[in-house]
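Undergrad: Sharing a structure, written as structure tokens. Questions coming.
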Amino acid sequence: MLNVTLLGTGGGMPMPNRFLSSVVMNFKGRKILLDCGEGTQVAMRVNGTGFKSIDIICISHLHGDHTYGLPGLLSTIGNSGRTEDIYIIGPKGIKEVIEGFLITLPYLPYKLNILEDASNLEFMVKKEKMELVELNEKISSDLSIKTLELDHSSPCLGYSFNIRRGRKFNVEKALMNKVPKEVWSKLQRNEEVSLNGVKYYSYMVLGDERKGIKLSYTTDTRPTEDIPGFIKESDLYICEGTYGSEEDMHKAIKNKHMTFKEAANLAKRGQVKELLLTHFSPAINDPKEFINNAREVFENSHAGSDGEERILNFKE
């Protein structure tokens, strides 16, 4: 199960009724944060998401409405007692930005691993943290993160998250591979085990891969030809909808953003299950007034609101 919360749905500047765009994902008690504009940690307090268990922060681009909340949040996480590493993923230039922020944070009790312009990352999800791993034919990860270069006025990345479902234990396979019963439980948890000088791997006891959960996120971009394939068959597609009406197309083109209808067209072409719009212009008072512009193209479209949640479950 993956729990997704829209912390904020605004773009450009924080508004009295709308925090800046940010999303938090919760999987097995570990969290991933998507973008961190000014006021994000306030939104996290409002929604009771907690700070200490954030393992990965994904930044789409370096504009302030997506990054200005980082110094305060990193400080708060430090004060929470966390000591495990945190990964920050972002486009070219993210290292320089974080290093600048760290001038105001002379000490953090945890290490920041900054991954700049990474394209394909794999993580294991453990009880106490998420951990970056290198895959091989013997070990599979719990979570893969892929990125896509978008079309904005600043280097910008889209993100696609694939939550893998644990494989079922296969007793016949374990016996065939002569795996001792005392290591079965560890191998089922995808751990590598050594016993009496022999190494055992999870592939020796686990069955075929099962369908996981896919979530994709693109914000601050014009539509591109690569997006539909990138988001293909996502269970949830969170996309910017800066402008609700096609009458604002000239603004969308000039500022390199999207209209509701353009986002819906990407969702349709990508064959996603649900489109959840976010990053609304401060000029839009009620995004839901424009939602039919998206639904004319893709029926299962929704205008997100601050604090809105989605629970994505594994399907058989």
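Glycine is no exception: its Cβ is also placed from the backbone N, Cα and C atoms.
Where the annotation comes from TrEMBL, it is an automatic prediction and has not been curated.
These came from TrEMBL, pasted as-is:
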- HIS61, HIS63, HIS152, ASP220: Zn(2+) 1 binding site (BINDING)
- ASP65: active site, proton acceptor (ACT_SITE)
- ASP65, HIS66, ASP220, HIS279: Zn(2+) 2 binding site (BINDING)
- 210-280: domain 'Metallo-beta-lactamase' (DOMAIN)
Undergrad: Calculate the distance in Å between the alpha carbons (Cα) of HIS63 (Zn(2+) 1 binding site) and HIS279 (Zn(2+) 2 binding site), and round it to a whole number.
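TA: About 13 Å separate the Cα atoms of these two residues.
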Undergrad: Determine the minimum-neighbour residue: among ASP65, ASP220, listed as recorded positions, which Cβ has the fewest other Cβ atoms within 10 angstroms?
TA: ASP65
Undergrad: About how far apart, in whole Å, are the alpha carbons (Cα) of HIS66 (Zn(2+) 2 binding site) and ASP220 (Zn(2+) 1 binding site)?
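TA: That separation, Cα to Cα, works out to 10 Å.
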Undergrad: Rounded to a whole number, how many Å is the Cα of ASP220 (Zn(2+) 1 binding site) away from the Cα of HIS279 (Zn(2+) 2 binding site)?
TA: 8
Undergrad: Quick check for the class: what is the C-alpha distance, in angstrom and rounded, between HIS61 (Zn(2+) 1 binding site) and HIS279 (Zn(2+) 2 binding site)?
TA: 13
Undergrad: When the pLDDT values for the domain 'Metallo-beta-lactamase' (210-280) are averaged, what is the result?
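TA: Its mean pLDDT is 98.
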Undergrad: Tell me which of the binding-site residues HIS61, HIS63, HIS152, HIS279 sits in the most Cβ-dense spot, judged by other Cβ atoms within 10 Å.
TA: HIS279
Undergrad: What number of additional C-beta atoms lies within 10 angstroms of the C-beta atom of HIS66 (Zn(2+) 2 binding site)?
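TA: The Cβ of HIS66 (Zn(2+) 2 binding site) has 27 Cβ neighbours within 10 Å.
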Undergrad: Applying the rule Cβ within 8 Å of the centroid of the Cβ atoms of HIS61, HIS63, HIS152, ASP220, what extra residues of the same chain belong around the Zn(2+) 1 site?
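TA: Here the nearby residues are SER60, LEU62, HIS66, LEU150, SER153, SER154, CYS156, THR219, THR221, LYS256.
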Undergrad: Check the DSSP secondary structure of ASP65 (active site, proton acceptor), expressed as helix, strand or coil.
TA: helix
Undergrad: How far is it from HIS279 (Zn(2+) 2 binding site) to ASP65 (active site, proton acceptor), counting Cα to Cα, in Å?
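TA: Each residue's Cα considered, HIS279 (Zn(2+) 2 binding site) and ASP65 (active site, proton acceptor) end up 10 Å apart.
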Undergrad: Near the Zn(2+) 2 site, what residues other than ASP65, HIS66, ASP220, HIS279 in the same chain have a C-beta no further than 8 Å from the centroid of the listed C-beta atoms?
TA: GLY11, GLY12, LEU20, SER21, ASP35, GLY37, SER60, HIS61, HIS63, THR219, GLU240
Undergrad: Between the residue listed as 'active site, proton acceptor' and HIS152 (Zn(2+) 1 binding site), find the distance joining the two CA atoms and give it rounded to the nearest Å.
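TA: With the alpha carbons as reference points, the distance is 14 Å.
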